[in-house]
Protein chains: 2
Amino acid sequence: MDPVEFDDEELEQIRRYEDFTTIDWIQDSKLERSRRIRNARNTYAPRRGPRGEVTIPWVWARVRGAADAAQTWFVVSLVGVCIGVNAAIISIVSEWFSDIKMGYCSDGWWLNQQFCCWEMEGDEVDGCETWHTWSTVTLARWIIFIMFAAIFAFIASHLVRALAKYAAGSGISEIKCILAGFVMQGYLGFATFFIKSVTLPLVIASGLSVGKEGPSVHVACCVGSLVASAFDKFRRSQSKTREIITAASAAGVAVAFGSPIGGVLFSIEEMSHTFSIKTMWRSVFCALVATFTLSAMNPFRTGKLVLFQVTYDRDWHFFEIIFFVILGIFGGLYGAFVVKFNLQVAAFRRKHLANHGVAEAITLATITAMIGYFNRFLRIDMTSSMAILFRECEGGGNVYNLCQTHAQWRISNSLLLATIIRIGLVVITYGCKVPAGIFVPSMAVGATFGRMVGIMVKAMYTAYPHSGIFKFCAPDVPCITPGTYAFLGAAAALSGVMRITVTVVVIMFELTGALTYILPTMIVLLVTKAVGDFLGTNGIADEMIRFNGFPFLEKEDHVYNVSVSAVMRKDLQTLSETGMRVKDVESMLSSTNVKGFPIVSADGSLTLVGYIDRSELRYVLERARKTRGRFSHTPCLFTPQGYDHDDSDGLEEDASERFFAPTTEGELQFWPWVNQTPMTVSPQLPLEIVMQIFKRLGPRVILVEDHGVLCGLVTVKDVLRFIATEKPEYRPSWDERGGLDGLLEEMWTWGTNLFSRILTWGRRIVRR
Amino acid sequence: MDPVEFDDEELEQIRRYEDFTTIDWIQDSKLERSRRIRNARNTYAPRRGPRGEVTIPWVWARVRGAADAAQTWFVVSLVGVCIGVNAAIISIVSEWFSDIKMGYCSDGWWLNQQFCCWEMEGDEVDGCETWHTWSTVTLARWIIFIMFAAIFAFIASHLVRALAKYAAGSGISEIKCILAGFVMQGYLGFATFFIKSVTLPLVIASGLSVGKEGPSVHVACCVGSLVASAFDKFRRSQSKTREIITAASAAGVAVAFGSPIGGVLFSIEEMSHTFSIKTMWRSVFCALVATFTLSAMNPFRTGKLVLFQVTYDRDWHFFEIIFFVILGIFGGLYGAFVVKFNLQVAAFRRKHLANHGVAEAITLATITAMIGYFNRFLRIDMTSSMAILFRECEGGGNVYNLCQTHAQWRISNSLLLATIIRIGLVVITYGCKVPAGIFVPSMAVGATFGRMVGIMVKAMYTAYPHSGIFKFCAPDVPCITPGTYAFLGAAAALSGVMRITVTVVVIMFELTGALTYILPTMIVLLVTKAVGDFLGTNGIADEMIRFNGFPFLEKEDHVYNVSVSAVMRKDLQTLSETGMRVKDVESMLSSTNVKGFPIVSADGSLTLVGYIDRSELRYVLERARKTRGRFSHTPCLFTPQGYDHDDSDGLEEDASERFFAPTTEGELQFWPWVNQTPMTVSPQLPLEIVMQIFKRLGPRVILVEDHGVLCGLVTVKDVLRFIATEKPEYRPSWDERGGLDGLLEEMWTWGTNLFSRILTWGRRIVRR
């Protein structure tokens with residue numbers, strides 16, 4: 001007999017997972033199975049007639065099934081529509097905020113520069129007549145610019161701090177863990193959704209080197225979770241909710257990059273824990289609905305889904321591969337650099353800045369604005385900057401004299417400076433206490449670097465048009481398209497820092513809409529991947545998971561050469577199947593805080609008979625206390641002894657009542673809540689196979705049993721602890737001393753010393 | 001101690017899987033682990049220096065790792081290039097064969113109609129001056145047409161029959177099983193590859209209602225397997241070879257549809273058994289390389305990758321959804337109809353036509369040619385027909401008067417007739433003994449039906465341009481595009497018969513290259529899916545797997561409400577860990593043909609201690625026979641008693657020698673080959689969880705153990721047997737009597753009777 005017998009609320013009460021625990025996928029699928037069996041029993045099991053003819057109950061059951069399936073589609077569509085609308089609003093608002101830093105529209109304060117200058121004469125950069133800049137004096141402009149940045153950063157960080165702590169950061173690593181079964185209550189709640197949606201435009205506009213793509217995934221997942229929780233079917237099942245969240249994450253990327261299939265592949269490559277066709281199909285659907293909603297709202301009024309969508313008319317030449325390889329190497333190095341130092345900054349932040357989130361954000365925004373104002377590629381919004389850098393020179397691509405030969409050195413210097421400064425800003429900014437993605441900043445870094453390389457190659461071509469490799473150029477048409485270098489550089493940097501490849505290829509494919517530049521993209525990403533593998537870099541999301549200590553096993557397989565017996569916990573708290581009294585159980589519960597107890601036979605031989613979760617043990621005790629009064633000497637029964645063992649098919653409605661009836665004077669029966677079939681393995685099994693079981697089947701605990709005798713217990717945390725302590729080569733890089741965090745630490749000490757000295761000095765003056 | 005200790009050839013000898021068995025994924029990953037540990041030991045384990053500095057061995061190890069990874073990339077690229085070249089050749093040759101049925105080119109026999117008429121005046125249909133039809137008399141043309149078809153079919157089927165039986169059919173279901181671990185020797189061999197590549201153009205040209213897409217996947221997988229087997233790393237590992245085959249299958253679809261991402265999603269949605277990021281990335285790479293090779297060869301000289309690639313200039317209207325729903329319903333019904341009746345034909349074919357493959361193919365080709373000649377949509381190649389049907393009316397789309405209002409009824413009738421006849425032909429043709437895919441015929445059926453609906457809607461619009469739903473049309477531009485209906489109909493029929501959705505959406509997206517028609521495609525496919533689910537249809541590939549009885553678990557989860565104890569085999573042949581003599585083991589091997597033996601403790605308590613495969617048992621016996629001579633009374637040892645159990649880290653080179661040394665007079669030691677950690681479960685575990693273990697971890701057997709005591713054994717075949725016998729609602733549809741096979745059966749009886757009567761009559765005449 002198993003929990004089948006209790007009504008659903010009962011079940012939920014028992015199975016409500018505590019915060020910061022992992023769900024048990026096997027238990028979850030057992031529950032789901034019970035639910036489906038119960039549904040099948042409750043409704044008359046419909047079959048076709050004896051000769052295969054169609055009967056009315058059969059049709060009716062089919063229709064009901066279809067309606068049930070339709071509900072899921074409805075939920076997924078609704079999620080998609082909400083994500084699309086939300087993304088459009090965020091796009092429009094961010095652009096307005098970005099422009100308001102520079103000036104305002106005299107036709108109406110609600111118009112941004114683009115709409116203000118819609119169908120008017122005027123330059124893309126300097127605006128038109130109805131667009132007024134705040135001041136004509138450079139210094140005043142600069143100060144206003146910085147002021148706006150600081151104010152935006154203040155509002156955003158204050159809102160996050162006051163109302164929704166979980167809205168900070170990118171959210172991708174946490175969502176990965178949630179999809180793998182981790183429970184973080186409120187992480188996908190309404191407060192997070194609302195605050196993250198509201199503060200995201202502010203943060204983007206503040207000019208901080210953070211992107212909206214990661215947060216956009218987080219916001220999308222919030223939408224998925226919120227919409228799903230409005231429906232019974234999903235609220236009851238942790239795993240079904242996670243299916244919707246996976247689909248929502250695909251839609252989040254889809255709207256962020258205007259790339260529906262790229263979003264789906266992102267959800268497969270980066271997010272989803274267990275892969276299933278059903279979830280993939282829902283992801284496709286959700287991503288396409290969201291993309292359509294976005295394109296119907298047409299936030300940029302250009303028909304483009306994202307600002308930096310491009311079309312290239314020209315083909316590339318084989319000799320350009322040499323330069324593409326340079327871009328690939330840059331991407332790999334950039335990724336390794338950012339991951340390493342950003343984690344050191346994160347370690348420093350955790351140590352010293354935990355309570356100074358608002359001050360940190362304002363400081364960063366001020367610094368960014370102060371420096372950024374003087375570089376044309378840093379001053380404007382990162383997506384607009386990419387849109388400019390990606391363009392071909394022909395047909396209006398010559399913004400900022402990017403295509404003029406006479407300006408090529410000045411522009412190159414400017415781009416190099418922008419690359420270097422932006423890398424520094426990304427390292428110190430990513431992870432601060434505002435919504436902050438790393439996708440777009442990385443792409444912006446890659447784009448500036450790539451465009452610089454492109455301009456230099458073009459300069460070489462202009463200088464020596466007929467020599468060496470440039471012989472292959474057709475004589476009368478432009479040979480080198482620097483915009484494509486920017487594009488490939490962006491792909492390389494994105495792939496370098498996230499360590500995703502397929503997704504990037506597809507996103508780039510959907511951004512250009514042509515196969516032409518797929519081969520260069522792939523070459524660049526292969527080089528990036530090779531460099532990353534060579535340096536042993538992990539993706540920043542995975543490193544963040546490790547940094548935060550979430551119980552998450554990486555998808556990649558390593559070889560450890562130990563068996564599970566080296567990893568398992570041996571000091572177990574076990575319950576005996578009979579012979580324990582309630583007070584023994586209670587004292588055990590109070591003396592330890594382990595999450596569950598193996599149950600062994602009473603004869604002292606440690607033969608394993610089952611496993612019970614702490615929460616279920618407590619639930620039964622509390623429930624019994626309500627109905628029975630004093631019962632601390634009542635014996636406990638953990639196996640169905642004396643009860644008909646084969647009764648498991650009799651699904652009785654009042655079973656729970658039966659077990660807790662006040663008249664029952666006998667043993668307290670725990671056995672209906674005992675998991676009689678826990679996952680067991682032999683102690684000699686290689687650790688790698690145990691990790692595969694955790695990853696593919698998802699039990700919460702695996703019991704180690706040697707010929708029927710319990711000898712240990714292993715959880716994901718035990719495995720992670722083993723990896724962290726026993727394998728020094730997997731030592732996380734932020735533990736290495738002497739890095740950036742050391743420097744920051746010294747600066748911090750110096751700064752606080754200075755501050756306290758100033759304070760004492762000030763006090764002394766006041767006292768005088 | 002485990003097989004780590006023997007050299008690789010040794011291992012291969014032991015682990016060579018027999019034909020028609022399933023590989024054990026867990027054992028395979030244990031072997032892979034041993035190999036990696038051995039490699040790590042043999043080469044000095046390189047670390048960074050004590051203070052994290054870069055050392056030369058560390059760099060060297062990284063470089064070696066990179067080179068090792070590069071080998072994989074080289075293999076994948078090579079596979080991609082070969083697939084691309086092969087696909088281009090097949091395309092060119094098929095077109096030539098198709099055209100030669102109608103006429104020849106006077107400029108050179110090697111030119112097909114298109115190249116013969118290249119840049120010449122002339123109609124697309126009737127050719128140009130240099131293109132000569134075989135005859136000007138219709139009857140003669142008809143006879144020549146039929147003759148060619150019959151000859152092509154004869155050559156193809158004869159080649160298949162004589163040289164490579166496995167080249168027949170589509171191959172998708174078999175490859176699905178192979179990827180899931182099934183071993184079919186020669187199925188991906190050179191003979192299959194060569195014969196299938198050669199006969200495919202012949203079959204296409206013979207006009208049979210079969211497509212080249214399924215076979216193209218099979219051919220691609222052969223290429224993958226052949227190339228991989230040339231490299232040590234892959235030849236040794238069944239699972240690594242399967243990774244390459246998965247990537248090749250993606251490339252196969254990619255070149256067949258000119259859709260690289262669609263191919264990747266096909267390999268994920270339909271083919272691959274276990275999903276891994278690494279394999280996905282390889283699939284993307286392989287698919288893109290193959291697509292590039294194909295586009296570089298440019299077989300159609302149009303820049304298109306496949307004939308039916310299109311671009312639509314116009315948007316669709318919301319009211320058209322009504323008609324799209326009709327297309328979706330048609331797709332679902334078509335799928336259910338074809339799957340049901342094709343399986344009945346397959347049952348009939350297996351019973352009566354097993355040895356008449358050549359005759360069958362010729363008959364089918366003759367019938368198809370005889371009927372098809374008189375319908376313009378059946379006469380030409382299916383892909384050309386689709387290319388014509390998909391087109392917009394503007395810009396040269398008015399072939400066959402498809403766009404003329406005066407011809408609309410005649411064309412509609414012709415299309416309806418083509419739809420009905422083609423459905424019949426697909427039902428009887430798919431599965432005959434030539435390379436035969438079902439993708440393109442299904443799409444062709446959908447295209448003719450869809451175009452018919454489109455023409456009718458257009459006729460309605462022309463008749464009532466301003467009333468009802470047509471109010472929404474813009475006044476001066478064409479409102480209805482019948483080509484898009486054909487396109488959507490093709491998608492619906494393809495999805496209906498294969499039951500794949502995501503792939504079809506992406507393929508359609510890549511064929512049109514625009515997001516515009518994605519929403520209609522999705523609506524159509526959702527309706528198709530709903531209709532298919534309502535009717536309970538499975539994909540034809542899955543049904544074929546079931547029909548052929550391959551050991552394959554479907555990806556979808558069903559609920560069975562039994563525990564594993566109801567499914568397991570209880571009459572086990574066990575070995576005792578000690579106390580058995582060689583002759584006992586030999587007699588056991590000869591008395592039974594089970595694939596492996598559980599090993600239990602000698603004390604009679606049936607405590608499980610391990611599991612040994614039949615092949616390994618026989619290997620040890622044979623090996624010992626060579627070195628020891630007579631030894632039938634030697635005791636056998638299945639557990640390492642008396643040997644140091646913890647010795648498993650001492651990797652000695654000469655271990656195998658040690659065990660078989662002629663001087664050894666003691667027990668015959670089987671224990672190094674015993675799997676001491678077989679997968680075990682409790683008998684109360686729900687069957688669904690056991691199925692999940694099979695699907696996700698892939699053991700060959702699962703032993704059922706009740707508190708340490710062996711009580712049963714379960715394999716995938718046991719599960720499938722249970723599903724087939726215990727669950728009548730899963731009874732396959734070809735078992736139902738009174739269907740098409742009954743009719744065919746009666747015709748067959750009547751035909752053979754008639755034939756034998758004629759024969760007797762003939763003999764009588766001869767005798768007189």
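Using N, Cα and C of the backbone, Cβ positions are placed for all residues, glycine too.
Just so it is clear, the model here is predicted, and its values are computed rather than measured.
If you look up TrEMBL, you'll see B:568-627, B:674-729 marked as domain 'CBS'. Marked as transmembrane segment by TrEMBL: B:72-93, B:139-163, B:175-195, B:215-232, B:244-268, B:280-297, B:318-337, B:357-378, B:414-431, B:443-464, B:515-536.
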Helix, strand and coil counts within the domain 'CBS' (B:674-729) (DSSP): 24 helix, 17 strand, 15 coil
Distant-in-sequence neighbours of the transmembrane segment (B:357-378), which means Cβ under 8 A and at least six residues beyond its ends: 142, 145-146, 148-150, 152-154, 156-158, 160-161, 168, 206-209, 349, 385, 389, 400, 414-415, 417-418, 421-422, 425, 428-429, 432-434, 448
Contact check, the transmembrane segment (B:72-93) vs the transmembrane segment (B:215-232), 3+ Cβ pairs under 8 Å, seq sep 6+: yes
Same-chain residue ranges lying at least 6 outside the transmembrane segment (B:515-536) that approach it to Cβ under 8 Å: 312, 315-316, 320-321, 324-325, 327-329, 331-333, 335-336, 484, 487-488, 491-492, 495-496, 499, 501, 504-505, 508-509
Surrounding residues of the transmembrane segment (B:443-464) on its own chain - C-beta under 8 Å, 6+ positions past either end: 209, 211, 320, 323, 326-327, 330-331, 334, 377, 382, 385-386, 389-390, 402, 405, 408, 411-412, 415-416, 418-419, 422-423, 426, 470, 473, 479-494
Summary of DSSP states over the domain 'CBS' (B:568-627), given as helix, strand and coil counts: 24 helix, 16 strand, 20 coil
Mean per-residue pLDDT computed across the domain 'CBS' (B:568-627): 84
